[in-house]
């Protein structure tokens, strides 16, 4: 098991370790309460710099016209991506040890809420240079291991994957914590909130929820499911170990999910097959033209062409899998005259 001493280090021990933690679950599952307790414990026990970014605290004021207003799905997605861009600006400042610049294109209200979020957690402070506002990193942000905990529903796997991509881009640690709270409990808690969500919204999220699945998605291997908020304190050691493991094993930029690699291989193979097919067709066509002057040769080539067409699939099996020829044609003389033997082709 990793220890805090392995992670904390000093300035001479190399670059500071940084990570992103996705905290997901249904609305009113207890994520915000859990995140605050986790941040306090890690600051006290591990000496880390922790930034909790609660999406509900940063995003609503940017678009809410009324207490229960909600943006269209497409607008919501754009706002989430914009918030990830803000996080990237902060991470670039931390990694490069420089001031945090202001995005040229931003939703002003959401940007201000994001800045307030970081200031309140002692990660940045305001400064002015040459009459331009900028934000400087605090000593806490640059001198300690840093973990950003993103608190949101993240009910779609694709939402969490966007955070993973950000971790991969900057070689950060990445992990996921899923609070698996019963739907009935979430509905009861939601009903007690001043600005409660419609119950049907939570029911819909419950049906659409895609839980972390490390067996299916290799990039989700650093994931931990906490059965209910009541068990959060009992899982504290597991949570700490998960975060330590993530910091010690940052996502490599060159790594990608296995599905994408398989897709790339298929595309590559398809391109090779297409080019090979074009080459074979060109060779057959040219040979036919050259044989037209000789009737006997032309008749033989006509038969050969028919044979190639009839055994097209078998030829590709040889190219792809180096298999034995399984010809539908009984005329094996074609194999002999072409000097193709009924055995696996040499790979040399």
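Just so you know, glycine gets a Cβ as well, placed from its N, Cα and C.
Here's what Swiss-Prot has on this protein:
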- 25, 26, 27, 28, 29, 30, 31, 32: ATP binding site (BINDING)
Sparsest-packed of the listed binding-site residues (26, 28, 29) - C-beta count within 10 angstroms: 28
Largest tally of Cβ atoms lying within 10 Å of a Cβ, found at which of the binding-site residues 25, 27, 30: 25
Residues close to ATP site centre defined by 25, 26, 27, 28, 29, 30, 31, 32, Cβ within 8 Å: 153, 179, 181, 186, 189
Cβ neighbour count (within 10 Å, all chains shown) around residue 32 (ATP binding site): 15
DSSP-derived structure type at residue 27 (ATP binding site), helix or strand or else coil: coil
Three-class DSSP secondary structure - residue 32 (ATP binding site): helix
